[in-house]
Structure formats: C-alpha cells, structure tokens
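Per TrEMBL, these features apply:
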type	residues	note
COMPBIAS	1-17	compositional bias 'Polar residues'
DOMAIN	30-116	domain 'HIG1'
REGION	1-20	region 'Disordered'
TRANSMEM	58-77	transmembrane segment
TRANSMEM	89-112	transmembrane segment
Amino acid sequence: MATATTPVGQDQPTKTASPPVVFDFSQPPIIEGFSPQPRAREENFKDKFIRKTKENPFVPIGCLGTAGALIYGLSAFRRGKTRQSQLLMRARIFAQGFTVVAIIVGVAVTALKPKQ
C-alpha cells in the first residue's frame with residue numbers, strides 16, 4: 001500500500017484567526033428585526049405590591065381571609081371548640097377557592113387586555 005503524502009501547507013485550508021467577539025453588557029444585544037423597549041425604572045417590593053394590588057385587589061383580600069380563617073380556626077381548635085373550628089376550616093377552604101379564582105380571573109383579564 002502506497003500512501004501519497006502531500007507537503008505541509010499545500011492543499012490544506014489555511015486557518016485564519018477570527019477576531020474575538022466583544023460583548024458590551026451595558027447595552028442590549030443588537031438583533032436584526034428586533035427593537036427592544038427602553039428599560040423601565042427598577043421597582044422595589046412596595047411599589048410592585050401596590051401596583052399588583054391595584055391591578056387585582058381580590059387576591060390580597062382572599063389571602064387575608066384565608067389567613068384570618070386559619071388563625072382563628074386554629075385558636076378555636078386549641079380552646080376545644082370543635083364545632084367552631086370545623087366551620088372556620090370550611091371558611092378557610094372557601095377563602096382559598098376565592099383566591100384561586102381571583103388569580104385565574106386576573107391572569108385572564110391581563111392576557112386579554114390590549115397592549116399599550
């Protein structure tokens with residue numbers, strides 16, 4: 001078996017060093033056909049909570065109702081008032097259901113709201 005050898009540097013593609021890609025993290029990336037919206041100001045917890053409460057006020061009401069029924073029901077259970085405790089646990093389940101429905105309705109309304 002005879003093998004043909006070629007001299008080094010002939011018939012071989014030459015590799016060229018590509019310049020390194022430099023990323024500027026202070027600017028958004030440039031994507032063809034896409035223009036990003038300007039960044040909104042940073043929102044702290046208090047501002048976000050107030051905004052979300054104004055968008056869907058029934059969720060915090062349901063959460064407070066759930067927590068109130070749970071705490072009051074546990075205290076009634078501790079005092080030995082089993083009938084009142086059972087009623088308050090049922091009220092807690094109702095409040096949880098109300099909260100879940102409020103979340104689902106809020107998501108649906110937000111999804112159907114036209115973009116500004």
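Counting starts with 1 at the first residue shown.
For all residues, glycine too, the Cβ spot is worked out from N, Cα and C.
Secondary structure of the domain 'HIG1' (30-116) per DSSP (helix as H, G, I; strand as E, B; remaining residues coil): 64 helix, 0 strand, 23 coil. For the domain 'HIG1' (30-116), the model gives a mean pLDDT of 89.
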